[in-house]
Structures are given as structure tokens and as C-alpha cells.
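Notes to accompany the following structure.
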């Protein structure tokens, strides 16, 4: 028997981040590049952390990961703080559905 696992709110927010930041014609490219970068980063991360955990232990790694979280938040805030809103930033509830012709 399989249980359905619900995504936490953070995961949902990250999934919709690209549609909030990029225009309608750029969202698929942004999601594709994000997925590729995530796959490469997770592969490299597993190799590096495994080797470091064998040599220096886990405690220093957790401290470094906490610093990386803060740096990532700072980078996102710096990049997005001066980005103007697009004309395409109307709420989803007021948009008409896209149809193929």
C-alpha cells in the first residue's frame, strides 16, 4: 500500500518561483536549466560530501552547509531586489486560459 506524500510549502514555493520571476515564454527554459543544474549539483555534492565526511567528519560539514544557506539567500535577494515587475505579472485568477489555434 502506497501513501501519498504531500509536498511541504517550501517545495511548492520553489516550483512556482520561475513563473513569478520569468516571462511566459521563458518559464520552460528556466525550469529545464534549473533541473539540469540541480541534477549536476546533487551528483557532485554527494561525491564531495562523502569524501569529506570520511576524512574530517560531519560536524564541520554542517557548519559549512549553514553558511551556504545564508549565502544562497543573499544571492537570491541581491538578484531579485531591483527586478521590475513585468506587464505579464497579472494574478493567475484573472488570466484567460491559453488555447491552441
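For all residues, glycine too, the Cβ spot is worked out from N, Cα and C.
TrEMBL annotations:
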type	residues	note
DOMAIN	1-84	domain 'Major facilitator superfamily (MFS) profile'
TRANSMEM	33-53	transmembrane segment
TRANSMEM	59-80	transmembrane segment
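For the transmembrane segment (33-53), the residues of the chain that approach it from at least six positions outside its boundaries are 18, 61, judged by C-beta separation under 8 angstroms. Averaged across the domain 'Major facilitator superfamily (MFS) profile' (1-84), the predicted model reaches a pLDDT of 83.
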